[in-house]
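What Swiss-Prot says about this one:
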ACT_SITE  GLU121  active site, proton acceptor
BINDING   HIS118, HIS122, GLU199  Zn(2+) binding site
Amino acid sequence: MGVSLLASSSAFVTKPLLTQLVHLSPISLNFTVRRFKPFTCLSRYYTTNPYNMTSNFKTFNLDFLKPDLDERSYRFIELPNKLKALLIQDPKADKAAASLDVNIGAFEDPKNLPGLAHFCEHLLFMGSEKFPDENEYSSYLSKHGGSSNAYTASQNTNYFFEVNHQHLFGALDRFSGFFSCPLFNKDSTDKEINAVNSENKKNLQNDIWRIYQLDKSLTNTKHPYHKFSTGNIETLGTLPKENGLNVRDELLKFHKNFYSANLMKLCILGREDLDTLSDWTYDLFKDVANNGREVPLYAEPIMQPEHLQKIIQVRPVKDLKKLEISFTVPDMEEHWESKPPRILSHLIGHEGSGSLLAHLKKLGWANELSAGGHTVSKGNAFFAVDIDLTDNGLTHYRDVIVLIFQYIEMLKNSLPQKWIFNELQDISNATFKFKQAGSPSSTVSSLAKCLEKDYIPVSRILAMGLLTKYEPDLLTQYTDALVPENSRVTLISRSLETDSAEKWYGTAYKVVDYPADLIKNMKSPGLNPALTLPRPNEFVSTNFKVDKIDGIKPLDEPVLLLSDDVSKLWYKKDDRFWQPRGYIYLSFKLPHTHASIINSMLSTLYTQLANDALKDVQYDAACADLRISFNKTNQGLAITASGFNEKLIILLTRFLQGVNSFEPKKDRFEILKDKTIRHLKNLLYEVPYSQMSNYYNAIINERSWSTAEKLQVFEKLTFEQLINFIPTIYEGVYFETLIHGNIKHEEALEVDSLIKSLIPNNIHNLQVSNNRLRSYLLPKGKTFRYETALKDSQNVNSCIQHVTQLDVYSEDLSALSGLFAQLIHEPCFDTLRTKEQLGYVVFSSSLNNHGTANIRILIQSEHTTPYLEWRINNFYETFGQVLRDMPEEDFEKHKEALCNSLLQKFKNMAEESARYTAAIYLGDYNFTHRQKKAKLVANITKQQMIDFYENYIMSENASKLILHLKSQVENKELNENELDTAKYPTGQLIEDVGAFKSTLFVAPVRQPMKDFEISAPPKLNNSSESE
């Protein structure tokens, strides 16, 4: 649950203006020279009869435009109360899902109750007249392998869930009560104010939220964009009471007035046939009230002349150096078929030769750039460019602004050009035609929201990303709006002068006018010969041939094509999705890269510099729906490549050759070193719960180091050290490769040969292949405590992670811990977050490290960490009786939920490939571990689980590691009088992590589950049954 940073329903932008500006993924943006045949059904929106009227609801006769391999069936209906629903039958779905989008959001908050829409979203989870228990909905989903969430945006509120497919109706039954008969119980209302307040406090030191709110605050007060929308205890508790307002009454009024059926769009995905889904929709949602409320419009301009031609100087929490320039532009939302913002985003956000970013990097002024269009409300649209500056770039920020206008000037002189549109169109066609299925909950959530765009025919709702109209005049109109008079700049750095503080987050800032000389240069920037349009893309695919064989059963694991002293080659021809795609994973086992913290940091710099040098290749590939990356791992280095298979191996070859011939440059070394130092420093200012994994890994794993330790080393690295280190990287190399997809095995063998030809020496080290990371074993019956104060002295939240180390990893123990995590998941959240209101972030899970099995609970809270530890221990103690009293039927439901989740079929080729990659990386080659684990879970008895609880969780022999990240802010308002300070915190304090680790044994690495023999790939035929 939460407030979304989305300020509009724009399909092009996923972050707020002036925070994380969007240059859309090049998959959907870029272009190709060769043309596809046009889709024959693009113009078929309705059949002759637009709809059929049954006795209960209206069914529209639509011819949906779908990706080629989409086997789902779709139906669009309207209930008598005007609620509209898109129903999706997926006969193969393991998870069903549903989402309801209300076309009302935070813009409708009353002036005297900021955050009410968000608060209403929270309260709808707390029970309905039909299901009054406040955790009934979440409990039902948990028992049946489900999950849920919601968000409140400016003009819409979106609720969604997914659940094992057999239990869709029960979940829908509970879900529908949100909208027809919510309770808004007083007790729940009072408690949930604390949850909203905790959510707000979680974001108080988050620069994205701080700068977003500052941007809003410095706009026209007559437009609701100006408002604070999250809410807190002051706006929803203290002030309403002082003003004689009953917040529960206001919630009821808000829900009655705005949660009107005619403003709701529902999307349901399940295995059931469309008639059944239609009947369920009618039965469960027909009672949602319709008061005929119209979708509100917000006609006031967000930016008036007094808000433009300004520089907003912002002092961030983190060490950021950014320049963001935004323009008011024509609203192009309804021109979704030609998408002028997308074309401009592609051009200004390009990273290849001749681009704005390439030139800024050459000057040493920038590291990253993004650009994107953004509609906040009808008639209020923006286009923005966001640049991550270097120190030198910050000094030359005015020159950077002029360069932006020089690039815009070049575009005004060069556009429109039909070939750019053609290439973008062809890439969007290919991406749509071969679109892979995503998660059910994200699918329905996105579609429910998109249905609010009533200017898009419902039959095209699946194909909104396509470019189908060439409208050069609109592109010219859009580009012509990028002028100084329509712009304002946000400059972000700790070094800037400020004179004001924003009301809600306290962000320090100062607003100054554009200097006269800057305006002059912005208006007459001239042309810069270094700035040009991107070249035609050599990586665009034109051959999408797939030799599909019907009626075969997919293999469960790849075959081992080759194994010798230097490498293993795993291969699997796609036999499941029949997509023209491929996935390549190349893992170099390189002991020298992690022999010390210095070597580890030098390896990080090496990969960063190599990626930087090969950015031109990477970016052109990304524009053509191919991806390639080069990263450091805790075993060495890894290259991953994916995308349309026609040119995937060509890309890999080019990239490998580039890495092989790469020679670092000192100027880029200094810039990337500085960028990494800033990144490491900023990690120490992240929200506490996101820092926890780094501290935990640094304590429990071999050759792992804390952020502070990495920072200390990184600051002292020299260019000479890197130059001397690079020749040693590939000594004793061993590598493993996975090639998966629409790729021939002969091509896979060629990849192995190519890599071997590039290896600089033939020193064989047979131990390298087993040099995997291992975790330390805690002594039995011992509890250890690690404490550290947060670097951010203003963050009010602390965080605790309570880890029980069960034992050395085994399949049996993994099954037991997995089921235990399933059993405690909902009660833990309900107890510690909902009932005790400890904090917004409460999380529990099983945790399998490098050789050990564990259970953890994590809480981020304003409470002290000793208090949180007490409440965690209390939860564990009381859960024993809950487990013993649990009806056998409920216990079996939890087993079924976990087994169904483990046995989910792959949704797409990327998911399948990731499963194989993980097994290769872990070294156990247990490609079917989820199936094996499901069998083990199915055989666990309730008594075995009670024994597990008593012997592992509550036993005196339990081994525990408890991490305390402590806020420096003392909260005197919290009541912790019941805490036994003589007892908590528990455990032996770890004062020196290195000394502590030196006393411990390490766990064994996972061993191969079976012997694999080298074999040729099996010939695919249709003699076996399909999956």
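Just so you know, glycine gets a Cβ as well, placed from its N, Cα and C.
Predicted, not measured: the structure shown is a model, and the values here were computed from it.
Feature map: Swiss-Prot annotations on the structure.
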residue : record                       : Cβ within 10 Å
HIS118  : Zn(2+) binding site          : 28
GLU121  : active site, proton acceptor : 23
HIS122  : Zn(2+) binding site          : 23
GLU199  : Zn(2+) binding site          : 21
Here the Cα-Cα span from GLU121 (active site, proton acceptor) to GLU199 (Zn(2+) binding site), rounded to a whole number of angstrom, reaches 13
In the three-state DSSP scheme, the residue listed as 'active site, proton acceptor' belongs to helix
Any further residue of that chain within 8 Å (Cβ to the Cβ centroid of HIS118, HIS122, GLU199) of the recorded Zn(2+) site:
MET1, GLY2, VAL3, GLY115, PHE119, GLU121, THR152, GLU192, ALA195, VAL196, ASN200, THR230, GLY231
Look up GLU199 (Zn(2+) binding site) in the DSSP assignment and report helix, strand or coil.
helix
